[in-house]
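As recorded in Swiss-Prot, the features of this protein are as follows:
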- 38-45, 85-89, 143-146: GTP binding site (BINDING)
- 10-20: compositional bias 'Pro residues' (COMPBIAS)
- Cys234: S-palmitoyl cysteine (LIPID)
- Ser25: phosphoserine (MOD_RES)
- 1-27: region 'Disordered' (REGION)
Amino acid sequence: MPPRELSEAEPPPLPASTPPPRRRSAPPELGIKCVLVGDGAVGKSSLIVSYTCNGYPARYRPTALDTFSVQVLVDGAPVRIELWDTAGQEDFDRLRSLCYPDTDVFLACFSVVQPSSFQNITEKWLPEIRTHNPQAPVLLVGTQADLRDDVNVLIQLDQGGREGPVPQPQAQGLAEKIRACCYLECSALTQKNLKEVFDSAILSAIEHKARLEKKLNAKGVRTLSRCRWKKFFCFV
């Protein structure tokens, strides 16, 4: 009998003694919860939509509470980040606080062309965060950076008797004062520094989770050691 020809798509048969190749199991997906807080109309929703959907909202719509989910790869491992878009209005204070527990990282957002939103970082948002979640890392984020040099915006600020845009050194100084992981300015419209903001949030959350796990493991070892010492002491 002539030998059977093998097509290009058909692999050669394995010898009977050769075990089938094992498939490598995919690494488990790490979950991260990221909550955005800040005054209303500073652009929190726009940041999330621009990052997850590569789009920009046509008009402002106040948000009560929305969640978005996107998967990214960090050093080849899958990471699922849940983005929580919260309302900045006082009417939603109670609802907003419900999403703070178990948060891995916070983005404290203010508009660089709304000085009052910058002031509220220390007067409202940071105290609110620390009341419900004292340990999670916080990133200070200046939004609407594309408007910093916008002539119409500058005229409106001047005519309204308000201060000019928040200076970058002042924002950087606040980040150091409140011990934020970093200060970043970005624009949802132009997407400038947008990826850097969420990349920094993801890495900060991963590092925070690793520190918590290390502390938990160390605590378990100490507890186990004490139990063994007590048993040994009683036996003797």
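Keep in mind that glycine also has a Cβ here, set from the backbone N, Cα and C atoms.
Each residue contributes its Cα atom, and for Gln89 (GTP binding site) and the residue listed as 'phosphoserine' those atoms are 46 Å apart. Residues within less than 8 Å, Cβ to Cβ, of Ala41 (GTP binding site) and separated from it by at least 6 positions along the same chain comprise Tyr60, Pro62, Gly88, Ser111, Gln114. A sphere of 10 angstroms centred on the C-beta of Ser25 (phosphoserine) encloses 6 other C-beta atoms. There are 24 other CB atoms within 10 A of the CB of Ala145 (GTP binding site), with all protein chains counted. The binding-site residues listed here are Gly38, Lys44, Thr86, Gln89; among them, Lys44 has the most other Cβ atoms within 10 Å of its own Cβ.
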